[in-house]
Amino acid sequence: MRGYKIFSGSANVEFARQVSKYLSLPLSDAGVKRFSDGEISVQIDESVRGKDVFIIQSTCAPTNDNLMELLILTDALRRSSANSITAIIPYFGYARQDRKANPRVPITAKLVANLIQAAGIDRVATIDLHAGQIQGFFDIPVDNLYGSIVFNDYIKAKHFKNAIIGSPDIGGVARARSVAKHLGLDIVIVDKRREKANESEVMNIIGDVKDKEVILVDDIIDTAGTIVKAAEALKEKGAKSVMACCTHAVLSGKAYERIASGVLDELVVTDTIPLKEQLPNIKVLSVTPVFAEVIRRVYHNESVNSLFI
């Protein structure tokens, strides 16, 4: 039997440890060092010849370092005669640069897809890509899982009396509709106008939220400006409470300050990105069992279809 091995980059080592624990398979040894000038050096410390290899590495901040580390690890494993290499990328950086929104700008998500393939990766597994069409940037299989696989059960366990699912912007309506359909709830939409990057202005509430428990769903929470302003607008319209479920906790800039303000009653995120701080109103749900199951099924050539909801 060919066997498989799991390697971790330095972006989210605890995530990789939890995956390996679920599979009862110790993480394989690889040394990742940096030279004095910042260059990354990798040494694979055990044989991978003929093995199916899985690399766990989010490309979160520092995005460029973590991306390069993934590529260099892949090159080292490919040159060490691994049979196949699957990249488990819980958070896929640069996904927000998925189209030409303005003249003379790059489509960086496509460039990253090209780099990943050129390095020698055979398959990618991720969760809640900012734009689903990024799967089409690859000529290799890409499994894009959904955060709702953990959020839905958490929401059900809350036993809300008068809940409604909300989208913090027009672009997230499809995601909100999917969650609402699964839970049998109505949806509300917060229509906003973005004046410039990382700043947004809430404009209008589409739907009735009076005396309701609003659950906002989104893929990424970055500066938390959009979510917090949406929560403020919803409460001004009579919402009883506002909870947000966001898969990827980027949480840059003044995000922690905004969340700590208490406008959001609760922020629920996953562990695709390690948190820099712990706040009483932040709840972390783990998606490591989901990715562990992806690894097991891919290795055994089993369908992963049931992991998509």
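Using the three backbone atoms N, Cα and C, a Cβ is placed for every residue, glycine included.
Database features, via Swiss-Prot:
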- ASP37, GLY38, GLU39, ARG96, GLN97: ATP binding site (BINDING)
- HIS130: Mg(2+) 1 binding site (BINDING)
- ASP169: Mg(2+) 2 binding site (BINDING)
- LYS192: active site (ACT_SITE)
- ARG194, ASP218, ASP222, THR223, ALA224, GLY225, THR226: D-ribose 5-phosphate binding site (BINDING)
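Feature map: Swiss-Prot annotations on the structure.
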residue	record	DSSP (3 states)
ASP37	ATP binding site	coil
ARG96	ATP binding site	coil
HIS130	Mg(2+) 1 binding site	coil
ASP218	D-ribose 5-phosphate binding site	strand
GLY225	D-ribose 5-phosphate binding site	helix
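Working note on the binding-site residues GLN97, THR223, THR226: by count of other C-beta atoms within 10 Å of each C-beta, THR226 ranks first. When the binding-site residues GLY38, GLY225 are compared by the number of other CB atoms within 10 angstroms of each CB, GLY38 has the fewest.
The recorded positions examined here are ARG96, HIS130, LYS192; by Cβ neighbour count within 10 Å, the least packed of them is ARG96. Counting other Cβ atoms within 10 Å of each Cβ, the lowest count among the binding-site residues ASP37, GLU39, ASP169, ASP218, ASP222 belongs to ASP37.
Sequence-distant contacts of ALA224 (D-ribose 5-phosphate binding site), defined as residues of its own chain at least six apart whose C-beta falls under 8 angstroms from its C-beta, comprise LEU251, LYS254, ALA255, ARG258, ILE259.
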